[in-house]
Amino acid sequence: MTTTFQVPDIEASRLPALLEAMPKAELHMHIEGSLEPEMIFRLAQRNGVKLSYASVEELRKAYAFTDLQSFLDIYYAGASVLLTEQDFYDMARAYLDRAVADNVVRSEMFFDPQTHTERGVAMETVINGLHRACVDAEREQGISAALILCFLRHLSEDSALQTLEAALPFRDRFIGVGLDSSEVGNPPEKFARVFARCRELGLHLVAHAGEEGPPEYVWSALDVLHVERVDHGVQSVRDPALMQRLAKDRIALTVCPLSNEKLCVFPRLADHNIRQLLDAGLVATVNSDDPAYFGGYMNTNFTRLFAEAPGLTARHAYQLAFNSLEASFAERADKERWQQQLRSVFEKA
Ligand SMILES: [Zn+2]
């Protein structure tokens, strides 16, 4: 669905305030990637976990990544401080506070249970802590929040199937499944059986594809896994037939500008292809991925992208926010209410 709303002309100098004020959905954010160094140290102290970094500053200095794997190594080390239900709750509440401040009205948070169950943390500890944070944030701050369980693709499909079974007693606490971690060498079709099972269960399906991996991975995410959204998907521009397919089927791409810059998917934000995706009629969205590690939450992603990538206008801003609300798995009535709020923000700008 596209919009019939005529976006007014808005001066470039007024765009940053508009980007910040517009209601938006975040569809690609790994909750473990919201752990700020300060919180890693606080939880390490609370739980008596020994870190291999001497200080917050030393840990932050290690955030100079060269590719996806160099990031994942630090990401898993950071997650090792999470042990109790309260830890998961505190992490998610801290992120949701940031999201509310950025006028995120809906967040669909990824979580990686295998990162925790492999360390001996129980599935229910993870899910209950995160779920309670979603419920409390919704009640106290009005943000709509939901969880998507991700399988780690560098592990086996059998491990993913076991993870799914362990999570099924909590089926009412997550809305879908995704696929993340090291992409290259771990194509979507490796997880065909577990995704087929999730489809039978009526779970929403998404997968990371085409971040560093080739367009073929996006094709198999669509045709083998039957995903409803593609996470990243920026490599799709290398395949015109794929671009047409994504546009025709209105498959949303959850693009993460600061992540792409930090992990060297694009040398600079100025080289990012999001305008190309939007202008080709694709349902592109902006998201923060792992905000504590990549230099910013939602509004920083929007404002830096619009400041640095050439040719982005108020029309693109509106489309990105509209797309995010439309591509969310929220109820239709909620989406329409948020889209009405979006129009008013632009009318008053
Ligand atoms: Zn991601």
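Keep in mind that glycine also has a Cβ here, set from the backbone N, Cα and C atoms.
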Given TrEMBL lists His28, His30, Asp289 for Zn(2+), the same-site residue among His116, His204, His208: His208
His232 (site 'Important for catalytic activity') versus Glu211 (active site, proton donor) - Cα distance in angstrom: 5
Filtered recorded positions, from Glu211, His232, Asp289, Asp290, whose Cβ is under 6 Å from an atom of ligand 1: Asp289
Recorded positions: Glu211, Asp289 - member with fewest neighbouring CB atoms within 10 Å: Glu211
Length of the line joining the Cα atoms of His208 (Zn(2+) binding site) and His232 (site 'Important for catalytic activity'), in Å: 6
Mapped DSSP class for Asp290 (substrate binding site), helix or strand or coil: coil
Any further residue of that chain within 8 Å (Cβ to the Cβ centroid of His28, His30, His208, Asp289) of the recorded Zn(2+) site: Met29, Gly33, Phe110, Asp180, Asp231, His232, Thr254, Cys256, Ser259, Asn287, Asp290
Whole-number Å value for how far Asp290 (substrate binding site) lies from His30 (Zn(2+) binding site) (Cα to Cα): 6
